[in-house]
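Undergrad: Before I ask anything, let me first share the structure, which is written out below as structure tokens.
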């Protein structure tokens, strides 16, 4: 049968051997493959095989064959075939980073936090002791009557707000895991509606302090509504990311345990803290003392949240990167020991970074043609760019997985984002942190509605103070509870940038990157990546 009777081989498949053709040996140089109608004499074929007994040459139409060593008898591909590269390269083989680093990261910050915690505990114990002593030993004194009034009319509403914030924290988390697509829009618009309603309620109390707080909340709600309109085009992608990122949680039993423990510890700490604030009212320099206690509580609560964040990040990151079923208890132990210093340092840096992002985006929208606003916007942008290189919220994934310090982990995660085309712009436009922030704001506003109404009904003089503290503790407790979904989203982005070819990822991020490159998707600019770079979200 002749060669003309055989159909051509389909693309990307190896061509079948032609019947009647002799097997042609491969040589070090590229030889022509000639197809003839008749097989050569058996003597010629035997002579060729005896001279160079190598593997038969495989002829392909497009893609080159898998690489083989020259020692095994393979021939190096021609130059035009060697230039062929697939679109997505598999991860390079090499020594994998260790997952069991035993060093304590950011030890200086850890020592500072432990000293601060000891000082705060001592101060709180002292103020609680003075409060109890004053009430028991001098019950008719002015200070004792004032502290008794605070305990009766001030402490109970605040504690009720803390209990409500715990319920709201886990209700938000459960809702995000159950209905991730719908909850992104619900959170954005519920924060607008709830803060607006609570602001109107405070103004209805018709006291100077409550009216001021109400006006502030109404202004904030207007800003939240404008933000919800601004990020409308990002909501769809963020909802899909939430839906995919929280799916591995069900594979690990007890992954919510660290968040439960941190919320319980936060409740106990805040309960003692509230009594300590009552004692600090009658202490020397009450304003500075209470301000110090407020800052201490903020740092402590943020560390609690990041401990839960690190625990979840290690479990989910090892699942994505190595396919491992990591122990939640072991990950929690590492977060409380080896990685606690990084959690303390990140708890100081990340809120500052988020505040700078909000300021930079606001100035970017307002700069217009004004020279002063233009210079301020670009100055803030340069500062934010420098900070992002050495500190960002994505660092917690590498801290948990590889035991790196906060600065080193920040640089490694951001360099991975920049190495993948379009990835840095995509994560910069991410609104996950904003969504989690607004859950805390919404919970804080609901706590204000409860505690403020309670205080207004029992003792109007404390309404403004109780409302402020209720919002503060409600926000902090909710953010601790929302650490789990935020950590899952962080692992989803960072682990994809590290290993894009993993089968554990879907086409969500690749499709969005493709839309950004082709300018077909929604384009939402950010200060770091202006509109001309077609940043999709």
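Indices start at 1 and increase along the chain as displayed.
Each Cβ is built from the backbone N, Cα and C atoms, and glycine gets one as well.
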Undergrad: Kindly point out the range from 184-202, 298-316, 317-335 that TrEMBL annotates with transmembrane segment.
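TA: TrEMBL lists transmembrane segment for residues 184-202.
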Undergrad: Count, for each of 108-129, 154-172, 435-456, the Cβ pairs lying under 8 Å from the transmembrane segment (208-230), and report the range with the highest count.
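TA: The listed stretch sharing the most Cβ pairs with the transmembrane segment (208-230) is 435-456.
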Undergrad: Please indicate, using numbers and ranges, the residues of the same chain that are 6 or more beyond the transmembrane segment (108-129) and have a C-beta under 8 Å from a C-beta there.
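TA: The answer is 272-273, 275-280, 283, 292-293, 296, 299-300, 303, 340-342, 344-345, 348.
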Undergrad: For the transmembrane segment (154-172), name the stretch out of 184-202, 259-279, 435-456 with the most CB-CB pairs under 8 Å.
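TA: By the under-8 Å Cβ criterion, the transmembrane segment (154-172) pairs most with 435-456.
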Undergrad: Report, as numbers and ranges, every residue of the chain located at least six residues beyond the transmembrane segment (435-456) whose Cβ falls under 8 Å of a Cβ in that stretch; write 'none' if there are none.
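TA: Cβ under 8 Å, 6 or more out: 153-154, 156-158, 160-162, 164-165, 168-169, 172, 184, 187-188, 190-191, 194-195, 197-198, 201-202, 205, 210, 217, 220, 224, 238, 354, 462-463, 466-467, 469-479, 482, 485-486.
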